[in-house]
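Trainee: Relevant sequence annotations retrieved from TrEMBL are reproduced here:
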type: DOMAIN; residues: 9-212; note: domain 'YjeF N-terminal'
type: BINDING; residues: 57-61, 125-131, D155, A257, G322, H373, D440; note: (6S)-NADPHX binding site
type: BINDING; residues: N58, D121, S158; note: K(+) binding site
type: DOMAIN; residues: 222-499; note: domain 'YjeF C-terminal'
type: BINDING; residues: K410, G411, A412, G413, T414, G439; note: AMP binding site
Amino acid sequence: MRVLTAAEIRGLESCAVESGVSMETLMENAGAEVAAAVTEKMDVTGKKTVILCGKGNNGGDGFVAARLLAAEGAKVTVVLMQGAPASDLAKQAYDKMGRGIEIIMYRTAGGAVDAADVIIDAVFGFSFHGRLPSVMEPLLARAAENKKAFHISVDIPSGAVCDTGAVEGACFKADLTVTFTAMKPAGVVYPAAGFGGMTVVRQVGIKEEHLEMLPCDTESVLLGNICPLFPKRDPEGHKGTYGRLLMICGSVGMAGACIMAARAALRSGVGLLNIAIPHALYPILAPAVPEAIFTLYDPTEAPGEAVLDAIDKASACLVGCGLGTAPYAAKLVDAVLENAHGTVVLDADALNILAKTPEKLLVPQAPVIITPHPGEMCRLNGRTMAELRADRLQTARVFAQTYRVITVLKGAGTIIAAPSGETRVNTTGNPGMAKGGSGDVLAGITGALCAQNMQPFEAAYSAVCIHGAAGDLCAEALSQHGMLPTDLIEKLPQVFLQIEGK
């Protein structure tokens with residue numbers, strides 16, 4: 001699904017006007033879609049419906065919805081959150097509301113909000129930046145405390161920044177967001193996405209031809225989007241057909257990370273798995289991953305000829321899961337960056353090793369995918385966590401373009417950014433996956449898809465989507481509290497059955 005910025009939406013609105021669709025029509029249609037969302041949910045006759053309206057065009061959408069819901073029999077109260085409407089369109093919509101609608105100021109609206117059956121947020125839209133005025137915060141808090149009411153946001157939740165998904169202060173908490181024309185970043189990028197509830201996209205008069213003509217760098221990812229990327233396996237294929245993945249992972253005390261990544265890779269279809277580990281780990285890894293072959297090395301002599309030969313033969317390399325940050329581990333990372341022919345996936349300790357010298361990411365001729373969590377990202381780019389949270393999309397994009405690596409910035413709504421500027425935002429997964437080891441599973445899936453010759457960017461966002469889909473199956477079967485990262489691996493075959501259409 002396309003994800004469009006505020007500027008892109010404005011451009012589409014201008015195209016609509018040039019083609020004969022008035023801004024009044026767009027506003028009327030938007031308000032009608034909001035009203036329809038309420039009437040589809042319930043019979044509004046006699047329902048106490050409170051609409052919080054700003055002074056701009058988002059408020060205008062609210063005024064239209066107020067008029068239409070009142071006509072359906074709702075008991076409508078409009079709350080002016082910023083005083084009288086300021087834009088010409090909003091003024092027109094306000095004047096058309098007519099009688100039978102109560103209009104009050106926000107200072108006296110507490111009782112109405114407490115008693116409401118429906119609360120509609122039409123305060124700020126996609127032009128909002130910064131944080132909500134503090135005088136609005138108490139009323140939004142009261143709205144959130146009214147648990148019996150159905151909460152709807154118009155376009156995006158007020159308090160969320162459209163293009164970044166940032167939320168600096170208070171934000172309206174919606175059960176449903178009715179957004180127009182296309183999904184906005186605030187609908188899929190956290191923390192804003194966490195305030196919108198379910199988001200539905202409704203068309204208000206922008207022509208499809210104008211949408212199709214608009215280049216779009218950012219899309220959200222659903223499991224259905226990635227199915228075409230997985231062709232049927234060749235009936236005459238053999239293990240070599242499906243790639244050779246070299247994993248350089250694991251160290252004393254962190255064998256589990258290597259095991260989880262390996263099992264995830266095998267469950268993701270790779271033909272051959274070679275695991276390079278210190279001799280001391282072989283008794284642990286060999287029985288845990290019997291399908292793998294092993295390249296053993298002496299840490300005091302790393303990388304060594306055997307590891308270099310394995311790097312040369314690999315169609316993809318995964319480095320870092322449980323590797324540690326000892327000097328020999330750094331030598332192994334360097335060896336992969338300097339010698340790999342296939343896609344390189346760098347996770348966990350490989351990223352910690354590179355934090356002081358991220359310019360080494362420019363060395364490889366092969367494509368590189370990095371999979372940092374926010375802490376690792378901050379160590380790599382030298383930014384603070386607050387700076388990262390203020391614009392996760394831009395953080396991932398800038399790093400991807402600066403260092404020419406595909407950047408998978410993990411977290412709720414994982415962001416996958418390519419050096420070309422293309423960006424994907426994942427929509428699968430749940431908080432039950434926030435447990436040590438989940439990242440190792442993702443790394444294994446990613447490495448396996450790369451080894452099978454999938455295009456690196458497609459492999460990166462497909463792996464994230466599959467990982468999240470497995471997590472959703474686990475949550476459904478085991479609960480978010482009870483699920484484990486190892487459970488994700490066991491659910492991967494079910495996800496691939498869905499991809500195969502079975």
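A Cβ is built for glycine as well, from the same backbone N, Cα and C atoms used for every other residue.
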Trainee: Once the chains shown are all counted, how many other Cβ atoms turn up within 10 Å of the Cβ of G60 ((6S)-NADPHX binding site)?
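Mentor: By my count, 31.
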Trainee: Measuring Cα to Cα, how many Å separate N57 ((6S)-NADPHX binding site) from G413 (AMP binding site)?
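Mentor: Between the alpha carbons of N57 ((6S)-NADPHX binding site) and G413 (AMP binding site) there are 29 Å.
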Trainee: Which of the listed binding-site residues (H129, H373, K410) has the least company, meaning the fewest other Cβ atoms within 10 Å of its Cβ?
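Mentor: Sparsest of the binding-site residues H129, H373, K410 by Cβ contacts within 10 Å: H129.
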Trainee: With the AMP site defined by K410, G411, A412, G413, T414, G439, which remaining residues of that chain have Cβ atoms positioned within 8 Å of the Cβ centroid?
Mentor: H373, L409, I415, N426, G429, V464
Trainee: Is it possible to get the count of other C-beta atoms within 10 angstroms of the C-beta of G439 (AMP binding site)?
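Mentor: G439 (AMP binding site) is surrounded by 25 other Cβ atoms within 10 Å.
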Trainee: According to DSSP, which of helix, strand or coil covers D121 (K(+) binding site)?
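Mentor: D121 (K(+) binding site) sits in a strand per DSSP.
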Trainee: For T414 (AMP binding site), which residues in the same chain are close in space, meaning a Cβ under 8 Å from its Cβ, but six or more apart along the sequence?
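Mentor: Within the chain, T414 (AMP binding site) has Cβ neighbours under 8 Å at V408, V425, N426, G429, V464, G468.
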Trainee: Return one of helix, strand or coil for G439 (AMP binding site), based on DSSP.
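Mentor: The three-state answer is helix.
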Trainee: Taking only C-alpha atoms and a 10 A limit, tell me which of N58, S158, H373 are near G439 (AMP binding site). These are the binding-site residues.
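Mentor: H373, listed in sequence order.
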Trainee: If you count CB neighbours within 10 Å, which one among the binding-site residues G411, G413 has the smallest count?
Mentor: G411
Trainee: Using Cα-Cα distances with a 10 Å cut-off, which of the binding-site residues F126, H129, D155, H373, G411 are near N58 (K(+) binding site)?
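Mentor: F126, D155, listed in sequence order.
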Trainee: Using only C-alpha positions, which one of H129, H373, G411, A412, G413 is spatially nearest S158 (K(+) binding site)? These are the binding-site residues in the record.
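Mentor: Given the candidates H129, H373, G411, A412, G413, the nearest one is H129.
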Trainee: Would you list, in sequence order, the binding-site residues among G60, D155, H373, K410, A412, G413 whose CA lies within 10 Å of the CA of D121 (K(+) binding site)?
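Mentor: Candidates kept after distance check: D155.
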Trainee: Setting N58, D121, S158 aside, what same-chain residues sit with their Cβ within 8 Å of the center of the Cβ atoms that define the K(+) site, listed in sequence order?
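Mentor: Other same-chain residues near the K(+) site: L52, G54, G59, G62, A122, V123, F124, G125, S153, V154, D155, I156, P157, F172.
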Trainee: If I take the Cα of F126 ((6S)-NADPHX binding site) as reference, which of the binding-site residues K410, G411, A412, G413 has the closest Cα?
Mentor: G413
Trainee: Are there any residues at least 6 positions away along the chain from D155 ((6S)-NADPHX binding site) with a Cβ closer than 8 Å to its Cβ? List them or say none.
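Mentor: Those within reach of D155 ((6S)-NADPHX binding site), by Cβ under 8 Å and sequence separation of 6 or more, are A30, N58, D61, G125, F126, T177, V178, T179, F180, K184.
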